[in-house]
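Inspection log for the structure reproduced underneath, given as structure tokens.
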Amino acid sequence: MRIDIATLFPEMCERVLSESIIGRARQRGYIELACHQIRDYTTNRQKQVDDYPYGGGPGMVMQAQPIYDCCVDVVRQVEEAGHARPHVVFMTAAGTPLTEEKCKQLAQKDSLLLVCGHYEGIDERVIEALADEEISIGDYVLTGGELAALVVADSVCRLCPGVLSSPEGYEEESHYSGLLEYPQYSRPEEWNGRRVPEILLSGHHANIAKWRHEQALERTRTRRPDLYEKYEEKSMAKIDK
Ligand code: ADE
């Protein structure tokens with residue numbers, strides 16, 4: 001998997017993606033990530049990347065030209081490096097909400113180009129010209145697409161082979177199966193008067209798996225009835241088959 005990020009803040013993205021699990025996976029060659037400065041592609045002397053919105057209104061809009069030229073150059077670099085043409089995703093609050101299912105789809109691609117807006121928005125014409133899709137990370141507005149792109153990069157990369165130390169890692173996690181994750185405990189057996197549930201100390205793997213599944217079901221039912229309903233529908237459909 002190769003992920004390129006086009007942004008006005010490449011250092012910020014680079015910094016985050018150099019740490020911890022993702023940083024290690026890059027060093028070991030399991031994933032490739034590169035961040036690109038959109039401002040380097042401006043054609044005006046002031047290196048301006050934004051302008052007033054036609055029709056008036058608050059704030060500034062990112063202009064089409066620097067984003068377009070940056071993306072065309074990144075696509076060329078990616079293809080020259082032997083990858084498929086990247087799947088181009090614009091990070092916008094108006095995009096399709098990100099889900100684990102979407103992350104799984106994106107993780108199947110050979111390469112992704114994530115484009116980050118800033119200011120009040122991006123000139124719609126460059127989105128029309130380049131975007132395969134627009135993704136939002138939630139129903140709230142960020143000051144820019146960078147944090148959203150980092151969320152996508154992180155959640156997609158952890159699904160790529162080699163990135164997590166144990167391949168079961170992500171299958172057990174919240175959302176992968178459509179359920180929230182069961183509660184986890186580590187040493188000591190008692191902390192501040194709170195004991196680890198007895199069943200986890202029993203060594204009985206089948207009972208532990210059953211308990212965890214029940215916990216996951218109950219948590220999902222009470223905390224996220226929307227997910228629970230979907231899970232139930234899927235389970236019923238499987239039984240019907
Ligand atoms: N840019 C601003 N807000 C955003 C959001 N919620 N998701 C993705 N990109 C954004």
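In case you wondered, yes, glycine gets a Cβ from its N, Cα and C as well.
Curation does not apply to TrEMBL; its annotations are automatic.
Annotated features in TrEMBL:
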- GLY117, ILE137, GLY138, ASP139, TYR140, VAL141, LEU142: S-adenosyl-L-methionine binding site (BINDING)
- 1-230: domain 'tRNA methyltransferase TRMD/TRM10-type' (DOMAIN)
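Comparing Cβ neighbour counts within 10 Å across the binding-site residues GLY117, GLY138, the minimum falls on GLY138. Non-local contacts of ILE137 (S-adenosyl-L-methionine binding site) by the CB criterion (under 8 A, 6+ apart in sequence, same chain) comprise MET91, PRO97, LEU98, LEU147, ALA148, VAL151, VAL152.
Counting other C-beta atoms within 10 Å of each candidate's C-beta, the binding-site residues VAL141, LEU142 are led by LEU142.
In the three-state DSSP scheme, LEU142 (S-adenosyl-L-methionine binding site) is classed as coil.
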